[in-house]
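Read through the structure below, which is laid out as structure tokens, and then see the notes.
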Amino acid sequence: MYFSDMKVCFRALCCKGPPPPRPEYDLVCIGLTGSGKTSLLSQLCSESPENIVSTTGFSIKAVPFQNAILNIKELGGADNIRKYWSRYYQGSQGVIFVLDSASSEDDLETARNELHSALQHPQLCTLPFLILANHQDKPAARSVQEIKKYFELEPLARGKRWILKPCSLDDMEAVKDSFSLLINLLEERDFEPSRM
């Protein structure tokens, strides 16, 4: 065997080169103050849970997954900030909506109105949605079925791509699985033939 043949053989066996780059997706994360957006995203980024402060304006986190990197723009959920959410929607490829499933009736009603508004917004209405029913570890938490019915998701989101999943900080594996489902929806969107 010649040296050049050995080099070719060695390269074929050992040097496949760097792995292909992971696709990156730009997402917007919305929900009322106290829904747990910041805590969930911080945990996904393996940040210390001790210094978590509610987002007042917006923050951006790059959350790495095995098959994609999600650049998540988290928007604060206070009353005076929600009216500006739509200014940050441009360029989003998907939406994460976090709700506190153990919240008061008033807050749940506000969250429902905000989700309805987002699902119908021109810049978001065609995007995949991941809806996380957070704080499932609390005694007052409503089930996913209760939330689906209360939020009227079946009629409102018909024809749209959305996922509703229960979650809590106690079960980050379930949270990661939910994000994997969202990544699958984002990948499907990449492969859709463009409509003329």
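Glycine too: its Cβ is placed from the backbone N, Cα and C atoms.
As written in TrEMBL, here are the features:
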{"type": "BINDING", "residues": "Gly31, Leu32, Thr33, Gly34, Ser35, Gly36, Lys37, Thr38, Gly77, Asn134, His135, Gln136, Asp137", "note": "GTP binding site"}
{"type": "BINDING", "residues": "Thr38, Thr55", "note": "Mg(2+) binding site"}
> When neighbour density is defined as the number of other C-beta atoms within 10 angstroms of a residue's C-beta, which of the binding-site residues Thr33, Thr38 has the lowest density?
Replying inline: Thr33
> Hey, which of the binding-site residues Lys37, His135 is the loneliest by Cβ count within 10 Å?
Replying inline: His135
> With every protein chain in view, how many other Cβ atoms are within 10 Å of the Cβ of Thr55 (Mg(2+) binding site)?
Replying inline: 18
> Counting every protein chain present, what is the number of Cβ atoms, excluding its own, within 10 Å of the Cβ of Asp137 (GTP binding site)?
Replying inline: 14
> What is the Cβ neighbour count of Ser35 (GTP binding site) at a 10 Å cut-off, with all protein chains included?
Replying inline: 25
> What Cα-Cα separation, expressed in whole Å, is found between Thr38 (Mg(2+) binding site) and Gly31 (GTP binding site)?
Replying inline: 10
> Given Thr33 (GTP binding site) and Thr55 (Mg(2+) binding site), what distance in Å do their CA atoms have, once rounded to a whole number?
Replying inline: 8
> For Gly77 (GTP binding site), which residues in the same chain are close in space, meaning a Cβ under 8 Å from its Cβ, but six or more apart along the sequence?
Replying inline: Ile30, Gly31, Leu32, Thr33, Gly34, Ser35, Lys37, Ser54, Thr55
> How many angstrom lie between the most widely spaced Cα atoms of the GTP binders Gly31, Leu32, Thr33, Gly34, Ser35, Gly36, Lys37, Thr38, Gly77, Asn134, His135, Gln136, Asp137?
Replying inline: 21
